[in-house]
Amino acid sequence: MTVIIDGKKTSSEIKDELKEKVAKLNKQGTQITLAVIQVGNDPASTVYVGNKKKACEYIGIKSLAHELPENTSQEELLQLVGKLNQDPTVHGILVQLPLPKHIDEDLVIRTIAAEKDVDGFHPESVGKLSIGQKGFLSCTPAGIIQLFKRYDIPMEGKECVIVGRSNIVGKPMALLMLRENATVTICHSRTKDLAEVTKRADILIVAIGKPRFITKDFVKEGAVVIDVGIHRDENNKLCGDVDYEDVFPIASAITPVPGGVGPMTIAMLMNNCVEAAL
Ligand code: NDP
């Protein structure tokens, strides 16, 4: 029988655990504070920022919203980040991506103080991950590792195939699976015969950004299938990069969309905020 990996339930458990930790820190006089910067009013970003604020409220983290107009200059944004870097009452800084085209995203990420980089995108955080040192982990891949751990899905020695090599999902995911002693293969748009590679996977993690791209023809019988993608289909229904109905019968475990990886990303962001204050 296929196990449905419930990210909503797991993320609630994590948030409840964090709420207790935050209450203890409050009693010791620490009010954890996350500064959230949004430039412009991209509707998807507004939804994501709103969800992050709600999670902060639930856990007891103070969120400081900085909503800047679309025409904010790069200099103004860098100055704000610099000010927050210096502010000892701010523990974490999150700049919602994507930024408007006239702003250099990499430069903004590099400007965030590494010790406040709760998204885990700063080169120092990425470097620490790659050499096995403790640092902030990119939230989506860290959330997927938590799903494996909390569902007792073994990673050690397993063939893990990751489809997608982005800096925020595919690459950190590969490093984390390597840390868990899986045998890791990364696929991308130039991979020859994708299905031949993905069919080797005991664990298949898909972050490709194409709705329902992965059908059962890409999946080995009994594989664990993790779907990172989020899309709205032609009927305005949420779906992932995996064709859930098609793959479900042959997978041993699978994440749904919505309710799989998405909620875990926010839970791990909250976890990083707590870590930032310790
Ligand atoms: P990107 O667009 O940055 O990366 C997509 C990757 O998929 C690239 O590496 C690309 O290869 C690869 N790819 C594209 N087409 C193919 C193909 N036909 N065959 C093999 N590989 C292919 O996406 P992200 O990693 O940022 O996001 C992926 C998905 O996950 C999106 O749907 C996004 O919305 C979602 N997402 C969800 C999150 C969550 O919290 N649930 C968080 C972040 C993202 P190449 O490098 O060669 O171009």
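Cβ coordinates are placed from backbone N, Cα and C, and glycine is handled just like the others.
Per TrEMBL, domain 'Tetrahydrofolate dehydrogenase/cyclohydrolase catalytic' is recorded for 5-119. Summarising the annotation, TrEMBL assigns domain 'Tetrahydrofolate dehydrogenase/cyclohydrolase NAD(P)-binding' to 138-277. The annotation NADP(+) binding site is assigned in TrEMBL to GLY164, ARG165, SER166, ILE230.
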For the domain 'Tetrahydrofolate dehydrogenase/cyclohydrolase NAD(P)-binding' (138-277), the number of residues DSSP places in helix, strand and coil: 54 helix, 26 strand, 60 coil
Max pairwise CA distance, angstrom, over record-listed NADP(+) binders GLY164, ARG165, SER166, ILE230: 16
The domain 'Tetrahydrofolate dehydrogenase/cyclohydrolase catalytic' (5-119): DSSP-derived helix, strand, coil residue counts: 61 helix, 18 strand, 36 coil
All-chain count of other Cβ atoms within 10 Å of SER166 (NADP(+) binding site): 16
Count of other CB atoms lying within 10 Å of the CB belonging to GLY164 (NADP(+) binding site): 23
Number of other Cβ atoms within 10 Å of the Cβ of ARG165 (NADP(+) binding site) across all protein chains: 18
